[in-house]
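Enquirer: Take a look at the following structure, please.
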Amino acid sequence: MKLKLRGDAREIYRAIRRKIESEIRVSEAKRFLDNFEPVSDVGEILKRQNYLKRAMESVSEEVEGLLLKVKPIKFRKEFLGDRLLVVSEDEVEEAEKLGLCMVSTEPIEGYDIVLSTIGYGIDVELKPYEIAPELYIKPLWESRDVLEALARIFPGGAAAKILRELEGIEDVMRRNERLENIEEIIRRYESELNKRIEEKLERFKLTLSGKELVEFLRSLRYGDVEAILSKFSSLNDDIIEEIRKAEEKLSQELGVAIEVFPRDYPVEVPPDVVERLKRSVERELKIELYMRAREIVPRIIPYIQGLKEEIERAYELEFILALKRFSRGFTFPKIEEGGIGFIKGRNLFIENPQPVSYFVGSAKGQFKGIQESSVVILTGANSGGKTSLLELMLQIVILAHMGLPVPASEAWVEPLDEVFFFKRKRINYGAGAFESSLKSIVKALKGKGRKLILIDEFEAITEPGAAAKILAELLKIGVEKGFYIVIVSHLGEDLKKELPYARVDGIEASGLDEELNLIVDRQPKFGVIGKSTPELILERLARKGRGEEREILMKVLAKLNNTYVPTQNI
Ligand SMILES: Nc1ncnc2c1ncn2[C@@H]1O[C@H](COP(=O)(O)OP(=O)(O)OP(=O)(O)O)[C@@H](O)[C@H]1O
């Protein structure tokens, strides 16, 4: 059963969730938090605690960096326009239902890959991984970084095994990638080649002896081209050799034997030749990729389920690590009867808070000897931290019911059915506000169940005299029903008279610091009505004031001096 959060309690729960979520770096891991909604059932809370204790202990921070690389791997069904599947008449329906490629009962021209169940092309069975194995392999190939991270998080697991199989297509895939840039690659080779030939031309010198020159001129006169060219043949051979070498390197780079460069200077490959070359290499690679993919896919498929589980476990690890970061220095609360209490609690939303220890219900541990009561009235200095303390108690109660550790060095929480938090509405004054506050408190008091009711300054919205009476009556009803109530009030004295069994605690300001700011001890004193701070405010003004202003304040202070001792001599 869910713990019911009423009034402003839900807002506090949302703020806690946001704080935990801000620690989760991978968005897919955030949904794990949904498994930790606050519940009333002790068995469920303890189950969560045990799971988290074990998980947080065993998770290693070393995987923190790797977890960031884990992303979903999506396998998408696609219609592949590059292949034709030739099947028999009675297989057409089944083949078309697969929706992977064009289906026909006889061969059709214009497809790079022709597959067939009846011997018209590459033999296949009517199975998706035989017809389109690339749809399994390509997403995995493109997610190698995810697989590598997973293989390091789960050594020897599914991702590691898949990676090993993918090695079998590595060279085709690399060639495929290069094919994308084939034009660029060819142009690069072309310009390098031309540069080298140009250098050779610049260095080339023809040296002829007198006799050779006479022969040369004669050949010219008779138009003996062969004889003239023979004089340049060494240069020509050199150029041809350069072109051949470049082609060899290019073939190696692309992984297919090609001849693209014309034996001419300057070397220039016409665009249509590049295009044709690209098409033919593409086709060749497509078939090779299909064959290799088909070969490894049956060995990969058995690991895909395992891979999905590893991804899920990685998200879970991220969630656990985030919780670990969130809850550094926290403790798992005891889930037991007897109210709510905590030692050295630290409000989640205050930076470097002063730790506070507090309880309602049974006095356990170091609280032994302090008055026990299911209703506590918290009084004290303005801005003393009363609201913050109610919020801290709520944070601890909510986290405890989520099954999470709480920001305290020790804590115990009674499993509850409902938690109410009524925050003081700073702007709402007047009869309307009074009526609505009254209504919500009465709602909290009606019915049965294990309840914690936190009320922040109810009387601020009505006149003090009536407020004490109304409040006392309401609190009595709560106590009779066995609810736990903590209420912030300035009416400590009056309430104490009406409800002698209630404990009244006080947060006090102990003085002024050098900058004349109030020094507040956030730790409430048990069984003590918190002194409010008008005296300290007076003293502060007096110490700051000048002339007549100062005199007036001093006079008032002197009057108060019977009961009030200033923190220092003025
Ligand atoms: N334990 C703590 N450690 C440090 N700062 C705190 C602590 N508790 C409260 N404060 C700070 O003191 C200020 C006043 O706190 P809070 O509003 O809870 O006081 P309050 O007693 O409810 O005041 P008011 O009388 O105006 O309702 C806030 O700025 C809060 O951050």
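FYI, residue positions are counted from 1 along the chain as it appears here.
Glycine is treated like the rest: Cβ placed from N, Cα and C.
Curation does not apply to TrEMBL; its annotations are automatic.
Not my notes, these are from TrEMBL:
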BINDING   GLY380, ALA381, ASN382, SER383, GLY384, GLY385, LYS386, THR387  ATP binding site
COILED    172-199  coiled coil
DOMAIN    373-561  domain 'DNA mismatch repair proteins mutS family'
Enquirer: Other residues with Cβ within 8 Å of the Cβ centroid of GLY380, ALA381, ASN382, SER383, GLY384, GLY385, LYS386, THR387 at the ATP site?
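Expert: Filtered neighbour residues, in order: ILE507, VAL520, GLY530.
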Enquirer: Are there any residues at least 6 positions away along the chain from GLY385 (ATP binding site) with a Cβ closer than 8 Å to its Cβ? List them or say none.
Expert: GLN354, VAL356, ILE507, VAL520, ARG522
Enquirer: Within 10 angstroms of the C-beta of THR387 (ATP binding site), what count of other C-beta atoms is obtained when all protein chains are considered?
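Expert: Taking all protein chains shown, THR387 (ATP binding site) has 16 Cβ neighbours within 10 Å.
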Enquirer: List the residues of the same chain that sit at least 6 positions away from GLY384 (ATP binding site) in sequence and have their Cβ under 8 Å from its Cβ, in sequence order, or write 'none'.
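Expert: Sequence-distant Cβ neighbours: ILE507, GLU508, ALA509, VAL520, ARG522, GLY530.
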Enquirer: Run through the Cβ atoms and count how many others sit within 10 Å of the one on GLY380 (ATP binding site).
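Expert: Taking every protein chain into account, the count is 29.
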Enquirer: For the domain 'DNA mismatch repair proteins mutS family' (373-561), provide the mean pLDDT of the predicted model.
Expert: 86
Enquirer: In DSSP terms, helix, strand or coil for LYS386 (ATP binding site)?
Expert: helix
Enquirer: Highest Cβ count within 10 Å among the binding-site residues ALA381, ASN382, SER383, LYS386: which residue is it?
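Expert: Comparing the binding-site residues ALA381, ASN382, SER383, LYS386, the most crowded Cβ belongs to LYS386.
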